[in-house]
């Protein structure tokens, strides 16, 4: 018993050290029995009475704890039992038994015979009864053995002296439970042991919220199988896919499947659904978060699933709830009518306000009016007689052709712009109207006289006339030869003498008038036969008179010339030197003076047979003379290759070859070859040269001279900063000379840009790209479509954008942009501004600033090219003269535009005293309220404005920012301050 007392004394010391840690259990463990937490005696039953003994000890908080000890090691045949009360299993099919104990090393007990043991047994018994049979009647067969427990560490007398206790922990599981509860029994066969703690628990998967689904506490299964658990959505959430998870045997959640989502009007926040606050909405459960109401809509209450449109704004039925509310467009602008007899072409510009939508369409309404003035004028719908091409309603482009109108009739056409919400607005539609009067044809042609090689015609103009007659067009051809060749002549007179005809040949003549409203129709035909040559002597007395006068006049002129040379050769030489060189080329032929010939561009569309235009202006090349070497690019119609051309009796040259891709239509073939028929009319060192075409075999080819350095924009970017100003001027001079030649031939390029200028090895620049189709759909610089393709907004003059009015003056505007591209080494005009912002900025007076290191005189020439009034822009001939003068006088290029601010202290900014005056000076007055609201009310405060602050103020256009910041630099120079902007 002495040993027992020693043990009972030492065991509490060990408990005090560890008890606090023993009471913290994981969340997934549910305790059914914990001996350390019992408030009083455990009341377990022991048998025999001298076996297991309940001992009460104090933990570090002076809370009593109950333990059981036994140490009957001196006597053999020990069989001491200890049994717990009924432990309710609470539905668990598997429970765990955790035993914490200390055990004395038998070898450390002096004088103990071989009866000492170092193990004990643990049993359990299932029962539905809370009262068990007395332990003295226990039969071991009634209990199921869990295990024999041995200590991993046992303590000795030395450990007792050193106050070192060794605590063992063993955990065993019991599965397959089915009854109400179970009893645990501990069997001692002669060990010295203390049960410090006995805990019975089961494992569960604790309550969890995952993917907005709540999964309840779930008891693990009776074996290692997973238990499938179905979750329920949290409040204000709904199932997207049935949420499920699996509870594992060790009490952990595995394999989440499915999820819940917050209902419309709610968003997920920290695992629950929170209502959208005012001003926000969530339209669909599939959306993750509440978002701010789209422009022109609002939500005044929480939980909004959609936002309501502001007054005057609407949302179409097909519009998503995330789309901004929109409104009907404003009226179209700038209507233009072009009358061609009984047909009218109507064009207009898109509405200034599209209503915020991209589905703008147009409808055209036609009324036929009586022509009376004032209130007595009566108009009625045109009815089905007028034909609209492509259609009358639902037009997607701002253009329509109206045909089959009645001649000499007043019409009113009203154009309205519509979009997807026009039908939702109660406001009346906004229209723009234009009045036109259909014109009448030229009256019948009259023959005045005819000769062997000429015919004189006369006619009367249209009456009444729609506008002023600009000119008349006379077309004639040999009878039965119309399909092969015909000639077009123009005159401002009501009569014309047609020369160069074949004697004794029958011709067909037709005449039509062109007024401000366009061309009229041809009025009838007149068939005339020229006289035979042998009829002149005895025939027309007029011819004899003309011949006699011609002979006499020639004789007199000859006498005068001889006298001039004899009397004063020097004086006549002086007179000749002052004479127009063109006058020397005059010749007398058949009694008439033949005037010098002026070349004029002939549009391929004037040919009824486009193939004839190709034959007239382009040389056919045998394909055997061409050798293709490599592909250098791809064009609109097919590949572009480099190769060699070898013509008979000529040296081999390098050429560029455009080929027409397979599967082309006849229309594509005509468009492809039309470029050749245009290029073939030009002969200038700064215009790309046509070598010829291949049309008699496939693929069809256009062969041009080869330009080694490719397009000018790419070439400049590749060689940024590597040329002198004089070299750049030489390039610009070549481009201007080529454009002067084109303008003198009455050819308008329409797409002059650095990308359409080619550069050869000698840095000679040549104008290219003369295609008729102007299909630029893949060009990122293009904007809205016209009859000739898309317009490259950044290079195009304002009148050409607004009214489709392309002239040599609009080419001059484009040339100014090319100048800017060249000096900036291929920088993109207007930088990253959108096309619409460019149109708006230019219309408000903004012009591109001088590129870096740009001479002042060059930037001024650019500004001259960008005059809003096209008549104020220089002609190409003037531009060439200006560039020649600058090249001859390099000193004029020294002053740089971007350094002029610092060199000249007297700037326009020096004369202003207020922010408002300053903004008006630089034509940025629309931003007065922006500056005032931001607190910039004095010029001193403006000195420190940066680009980021301009963004905050709402000055978003990049061009406007550059203009304001540039002027701020002038202000800083005047005030002696320099701030990084």
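Each residue, glycine too, has its Cβ placed from N, Cα and C.
For 751, the entry in Swiss-Prot reads active site, proton acceptor. A 10 Å cutoff on Cβ-Cβ distances gives residue 751 (active site, proton acceptor) a total of 25 other Cβ atoms nearby, all chains included. Under DSSP, residue 751 (active site, proton acceptor) is assigned to coil, being neither helix nor strand in the three-state scheme.
What Swiss-Prot lists as ATP binding site is 633-638, 658, 705-711, 755-756, and the listing cites sequence analysis. Around the Cβ of residue 637 (ATP binding site), the same chain contributes 658, 659, 660, 661, 664, 668, 671, 672, each under 8 angstroms and 6 or more positions distant in sequence.
Summarising the annotation, Swiss-Prot assigns domain 'Eph LBD' to 29-210.
Here the domain 'Fibronectin type-III 1' (328-441) has, by DSSP, the following mix of helix, strand and coil residues: 9 helix, 52 strand, 53 coil. For 328-441, the entry in Swiss-Prot reads domain 'Fibronectin type-III 1'.
Per Swiss-Prot, the feature domain 'Fibronectin type-III 2' maps to 442-533; the stated evidence is sequence analysis.
The predicted model assigns the domain 'Protein kinase' (626-887) a mean pLDDT of 87. Annotated domain 'Protein kinase' per Swiss-Prot: 626-887, in sequence order, evidence recorded as sequence analysis.
According to Swiss-Prot, the domain 'SAM' annotation covers 910-974, on the basis of sequence analysis.
Positions annotated as N-linked glycosylation site by Swiss-Prot, on the basis of sequence analysis: 340 (among others).
Per Swiss-Prot, the feature N-linked glycosylation site maps to 410 (among others).
Other Cβ atoms within 10 Å of the Cβ of residue 435 (N-linked glycosylation site) number 12 in total over all chains. Annotation source Swiss-Prot lists N-linked glycosylation site at 435 (among others), citing sequence analysis.
Residue 485 (N-linked glycosylation site) counts 14 other C-beta atoms within 10 Å of its own C-beta, drawing on all protein chains shown. Among the features that Swiss-Prot reports, N-linked glycosylation site is placed at 485 (among others), with the record citing sequence analysis.
Cβ environment of residue 601 (phosphotyrosine): 678, 681, 742, 745, 746, 747 lie under 8 Å away, each six or more residues apart in the same chain. Summarising the annotation, Swiss-Prot assigns phosphotyrosine to 601 (among others).
According to Swiss-Prot, the feature phosphotyrosine maps to 607 (among others). For the recorded site, residue 607 (phosphotyrosine), the DSSP three-state label reads coil. In sequence order, 613 are the residues near residue 607 (phosphotyrosine), counting only same-chain partners six or more apart with C-beta under 8 A.
Residues or ranges marked as phosphotyrosine in Swiss-Prot (evidence: similarity to another entry): 706 (among others). In sequence order, 642, 653, 654, 655, 656, 760 are the residues near residue 706 (ATP binding site), counting only same-chain partners six or more apart with C-beta under 8 A.
Per Swiss-Prot, the feature phosphotyrosine maps to 784 (among others); the stated evidence is sequence analysis.
Around the Cβ of residue 927 (phosphotyrosine), 18 further Cβ atoms fall within 10 Å across all displayed protein chains. In three-state terms derived from DSSP, residue 927 (phosphotyrosine) belongs to a helical segment. Annotated phosphotyrosine per Swiss-Prot: 927 (among others), in sequence order, evidence recorded as sequence analysis.
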Q | Rounded inter-Cα distance in Å - residue 485 (N-linked glycosylation site), residue 633 (ATP binding site) | A | 37
**Q.** Rounded distance in angstrom between the Cα atoms of residue 340 (N-linked glycosylation site) and residue 410 (N-linked glycosylation site)
**A.** 14
Q) Would you list the DSSP helix, strand and coil counts for the residues of the domain 'SAM' (910-974)? A) 46 helix, 0 strand, 19 coil
Q | Listed in sequence order, residues with CB under 8 A of residue 633 (ATP binding site) and six or more positions away | A | 639, 640
Q. By CA distance, which of the recorded positions (410, 751, 927) lies nearest to residue 710 (ATP binding site)?
A. 751
Q: For residue 708 (ATP binding site) and residue 751 (active site, proton acceptor), determine the Cα separation and express it in whole Å.
A: 22
Q) For the glycosylation sites listed here, 340, 410, which shows the highest count of neighbouring CB atoms within 10 A? A) 340
Q) How big is the Cα-to-Cα gap, in Å, between residue 755 (ATP binding site) and residue 410 (N-linked glycosylation site)? A) 46
Q. Which ones are near residue 435 (N-linked glycosylation site): of the recorded positions 410, 751, 927, which have a Cα within 10 Å?
A. 410
Q) What's the CA to CA span in angstrom from residue 927 (phosphotyrosine) over to residue 751 (active site, proton acceptor)? A) 34
